[in-house]
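Step one of this worksheet: look at the structure below.
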Amino acid sequence: MTDDRSTAHAATSGAPAGPGDHRSGADDAPLLEIRGLSKSFPGVRALDGVDFRLHAGEVHALLGENGAGKSTLIKVLTGVHARDGGEIRLGGVPIDAADTADAQRLGIGTVYQEVNLLPNLSVADNLYLGREPTRFGLRSARRTAAMARELLAGYGLSIDVTANLGDYSVAVQQIVAIARAVDLSGKVLVLDEPTASLDAGEVQTLFGIVRRLTARGIGVVFVTHFLDQVFALCDRATVLRNGRLVGERRIAELGRLELVTMMLGRELEAAQLHRRRGEGPKGEAFLAFEGFGRHAYVNPFDLEIRPSEVTGVAGLLGSGRTETAKLLFGIKEADAGSATADGAPLRLASPRAAVAAGFAFCPEDRKTEGIVGDLSVRENIMLALQARRGWLNPLSRGESKALADRFIKALDIRTPDAEKPIRLLSGGNQQKALLARWLATEPRFLILDEPTRGIDVGAHAEIIRLIERLCDEGLALLVISSEIDEIVAYSDRVLVLRDRAHVGMIEGADVTVDRIVGAIAAEGPATAAGVPA
Amino acid sequence: MTARNLPLIATLVVFIVAYALCAMQFPAMLSLRVVANLLTDNAYLGVAAVGMTFVIISGGIDLSVGSVIAFTGVFLAVVIRAGIDPITAFVLVLIITTLFGAVMGAMIHYLETPPFIVTLAGMFFARGACFLLTTDSIPIDHPTWDFITSLNYRLPGGGRLTLVAMIMLVVFLAGILVAHFTRFGTYVYGMGGNRQSAELMGVPVARTTVAIYALSSGLAGVAGIVFALYTSAGYSLAATGVELDTIAAVVIGGTLLTGGVGTIAGTFVGVLIQGLIQTYIIFDGTLSSWWTKIVIGGLLFAFILLQRGLVHVAARRRAAARMAAA
Ligand SMILES: Nc1ncnc2c1ncn2[C@@H]1O[C@H](COP(=O)(O)OP(=O)(O)OP(=O)(O)O)[C@@H](O)[C@H]1O
Ligand SMILES: [Mg+2]
């Protein structure tokens, strides 16, 4: 996430149509026109007189901080929420989708931010739910499967479509969700942070598909926090802040700094996305893993963890990054090697043991595993700390309130108050609350898996400030990320993984994007996210 | 594919093993006559369990089933005594019970009330309605009725496949068809998998919820007719606790109480297992019939453990397979 536009463009080279290729001007009658849209929830004015225009054949970025109202706009458009006021026209005709099925019939296909489809149904059933081919009124499983296979082939995915969706990785599930929405979108395709769990190659496949759709005259609404992707794919951008329209711009006429300023309402210097290094107590390693590994999971590796040090973990999707984290945190028990803490042997047979040893792990799949939707923001933040203290030793309400408020402030979690059920927060703010949950346990060793996914640029900078502060206090961090420039921005050293093996450790001045990409791709075809091949 | 069918296979294996053990002790249990009786004796349970399977797969529960069965019997007895033709009475009672379920479904959806509460209220309501109609046990006596109950298919070896057993088999076949080969069936599974996702994907959640509970109560009505044909009487206190027997059959049949996973065929085997235990107790002659409850309780525990184990093993094998493929 450095201020480097050339990086973004390089990633798209070789693609059929470049970002500067405007297929429609602002003067044509828009395909979708939203005027004065308003929507309030108890205590929040999520949308306040927002205008939005989408032209046929364009990719239109919908941007804004966490909680700005992007997802709400999409949900009002597609009939999930009823609007309080305003007008929506599709192809000049006023529309008012009563529910999502209605929106689908109107030709609006959507990938929602939180949707995970239905893990207990087959891939094919997920793709064609509600519109399966029938014979004599009965579903034809064979034809559904054949259609599903053909559809997914267009995404370079050849999987068993009769297996349950839940058997596949989050990335595959995401592609299935996208494929479904694309297939449903006769006129408009809406993608709410679709790339949050995709790797670089999959993102490129998605971009290719989006460009094919726009060539057919379909308008695409694209919500993301990856600004590189905005510049690589989108023609125009509409920015929201606190439920209000900030403005609409052509991407070609927009600089990155200006865009960030529009989103945040203040300037953010590139330097703020970098970590200031090294005032914390440097010291001896307090954790050591030797020959640590698990058969058919992660090859044995050696690793030492020192206080105040940030170890970045880089590698392609499936290279064993998350697996390494799960092994270190005891979610999977190692069957080889040993671990020592402060010189004493440490048995990491379960997450409980890891927590007892002062470890904390903020997992990647926060959307589905992390939050407890009906509990309040405060309770969600306190959960891990309370579990560690034991249920017989509860925090007093005052203490927990003060602690929650501190994290809400430190991470800028946008919520009217700490007692709001967390499911009512925007996606990015839920993630910040989860990060707070683990920080509240005051660990010695914190593992973060993709900590900035779905978090806006402003909050991103704040998380880097937080990492700085934690390191000054002596915390050791292991951070997994697909964004190489992000890893470079905060890591003291970078562990590189390939094919489930640790293949290198890059340290000190060598920690650069080029070196890391080189190490990842030492053999085999590989491009890392946002980085020229 | 196989992983999905594991609970069903496990249920089948338990049934076959249990049946083999019974047959070893009492070879007479192998006869077609015993099998036919088993089907007849459990027909009402099976019919109600089909509806319950849909409800549980959708992530809900229906506690009103037993009361609706009793209501159906009492209603039939009362109106037939009053001179209404049995066929007309059947149609009437099915309309009433189906509407009753639809109202419960609408309350669950529109008032956002948990199914447990709504159907618990429905259970008291239907039972109360029985007592309003009559507090006596009323025998059913009508020429058409006698004709219907006499219908059966002679099996080789002296057994008879009664009409009620045939009704149950037809309901099971229809249930399998609806669950796996119609859109409604997919919606039911989808809602059990994740209600919010299903709604965002365009599943008509309101309509489907109403239909699920209407189906369950409607089938409870059919089960009530079957029960009335079986006993030729209507009695307000009949079929108490049958909702729990059906839930047990559904769970033993491999359907998860958390919703989203299960099969109608599994429920059929679940019903057979319950019937088998009763048959064994009758054959033994010395055991109290309460042993049925104890064995079913034990089986429920065993099944829940078995399912957990199987799901765990399957997940591990799958992970290993994925790893090998990667
Ligand atoms: N169902 C709801 N009930 C109450 N408040 C809600 C609900 N949905 C959203 N909100 C509130 O509306 C505001 C806008 O949320 P929205 O989800 O649209 O943000 P967003 O721009 O999509 O953010 P993110 O980038 O984090 O996904 C937030 O303050 C959120 O708490
Ligand atoms: Mg959102």
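Just so you know, glycine gets a Cβ as well, placed from its N, Cα and C.
For the transmembrane segment (B:6-26), the residues of the chain that approach it from at least six positions outside its boundaries are 252-255, 261-263, 265-266, 269-270, 272-273, 276-277, 279-280, 283-284, 299, 303, 306-307, 310-311, 314, judged by C-beta separation under 8 angstroms. What TrEMBL records for B:6-26 (among others) is transmembrane segment.
Feature annotation from TrEMBL assigns transmembrane segment to B:38-57 (among others).
Within its own chain, the transmembrane segment (B:87-110) has Cβ neighbours under 8 Å at 60, 62, 64, 68, 71-72, 75-76, 79-80, 118-119, 122, 126, 144, 205-206, 209-218, 220-222, 224-225, counting only residues six or more beyond its boundaries. According to TrEMBL, the transmembrane segment annotation covers B:87-110 (among others).
According to TrEMBL, the feature transmembrane segment maps to B:116-140 (among others). Sequence-distant contacts of the transmembrane segment (B:116-140), counting only residues of its own chain at least 6 positions beyond either end whose CB sits under 8 Å from a CB of the stretch, comprise 61-64, 66-68, 70-71, 74-78, 80-81, 86, 100, 104, 107-108, 213, 217, 228, 232-236, 243.
Taken from TrEMBL, the feature transmembrane segment covers B:161-181 (among others).
Residues or ranges marked as transmembrane segment by TrEMBL: B:210-235 (among others). Residues 40-41, 43-45, 47-48, 50-52, 54-55, 58, 60, 62, 64-65, 68-78, 90, 93-94, 96-102, 104-106, 108-109, 115, 119, 122, 134, 136-141, 145, 148-149, 163-164, 167-168, 171, 184, 188 of the same chain, all 6+ positions outside the transmembrane segment (B:210-235), place their C-beta atoms under 8 angstroms from a C-beta of that stretch.
Counting only same-chain residues 6+ beyond the ends of the transmembrane segment (B:247-274), those with a CB under 8 A from a CB of the stretch are 4-5, 7-8, 10-12, 14-15, 18, 38, 42, 45-46, 49-50, 52-53, 56-61, 172, 175-176, 179, 189, 191-194, 292, 296, 299-300, 303-304, 307. If you look up TrEMBL, you'll see B:247-274 (among others) marked as transmembrane segment.
The transmembrane segment annotation in TrEMBL covers B:294-315 (among others).
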